[in-house]
Amino acid sequence: MKKFYYLVRMTFLEKMAYTKAVWFNTIGTLVSIFSYYFLWKIVFMGENELVGFTMGEMITYVILSKVLSSQFAGGINMQFAEWVYEGTIGTELLRPVTLFYTLFARRSGEFAYFILWKGIPVSLISFFILRGVGPAGAGEFLLFLISVLLALVILFYVEFMVGLASFYTLSMFGMAFTKTAVLSILSGGVVPLALFPEGVARVFGLLPFAGMVSVPLNIFLGKYRLEECMGYMGLQIFWCIIMGAIAHLLYHMVIRKVIVQGG
């Protein structure tokens, strides 16, 4: 646990060195939130409710979805690629902790920094100005926080698997851009999944990506009954296990090939 805490703290302090860059990124997220706010204001003109969302609920959805989905850019797949392209991956493999352990600790440190320096400030500013609605209740808020942590685990495994592609590509930027675009759409980060055709929305809701944005926000807004919350969070846990198993399998296949080729 001390090693994990050390790696988290080290990553947090590394991020502190780039505070100015974070402020620019924060401003970009705020601009995106306000742009979507005015777009939805036009869509809701003359309407009290749309696909089960009131305007106040949609404002909250926009704010929190933009905050959560802004985590899709970058991620540990870029760190993984940097180690591969610079040839330091061998050193990382020789460390007394596994690569999964190191990268998850780093991702946790990044997330902690993100919450403190971007997530909370952006949410508070946006809620104060745009007047979104709060959580449906204390229980829903607690389940929302747990769901967000499960979302982080799913996101970590997605980023890890994307990072493995760096062994076969000359640049990670194309893969990273594709990852961000796909996750933003399939997670409900662009628009609520309820706006898709019913059959498509049902399929998207069963995929792991829905657990990154759509599930936490619907819990926050009280769109699910308690048993539905448990069901969707159970699905998140299921995908954490499945994605973890796939990531470990792919990792061992790739690393075995690297070790054989490297002697």
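In case you wondered, yes, glycine gets a Cβ from its N, Cα and C as well.
Feature annotations, courtesy of TrEMBL:
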type     : residues : note
TRANSMEM : 21-40    : transmembrane segment
TRANSMEM : 111-130  : transmembrane segment
TRANSMEM : 142-170  : transmembrane segment
TRANSMEM : 176-196  : transmembrane segment
TRANSMEM : 203-221  : transmembrane segment
TRANSMEM : 233-251  : transmembrane segment
Recorded stretch, among 21-40, 142-170, 233-251, maximising Cβ pairs under 8 Å relative to the transmembrane segment (203-221): 142-170
Highest-contact recorded stretch vs the transmembrane segment (233-251), from 21-40, 111-130, 142-170, 176-196, CB pairs under 8 Å: 142-170
Long-range neighbours of the transmembrane segment (142-170), counting only residues six or more past its ends (CB under 8 A): 68, 71-72, 75-81, 84-85, 100, 103-104, 107-108, 111, 135, 176, 179, 183, 208-209, 211-213, 215-217, 219-220, 229, 232-233, 236-237, 239-240, 243-244, 246-247, 250-251, 254, 257-258
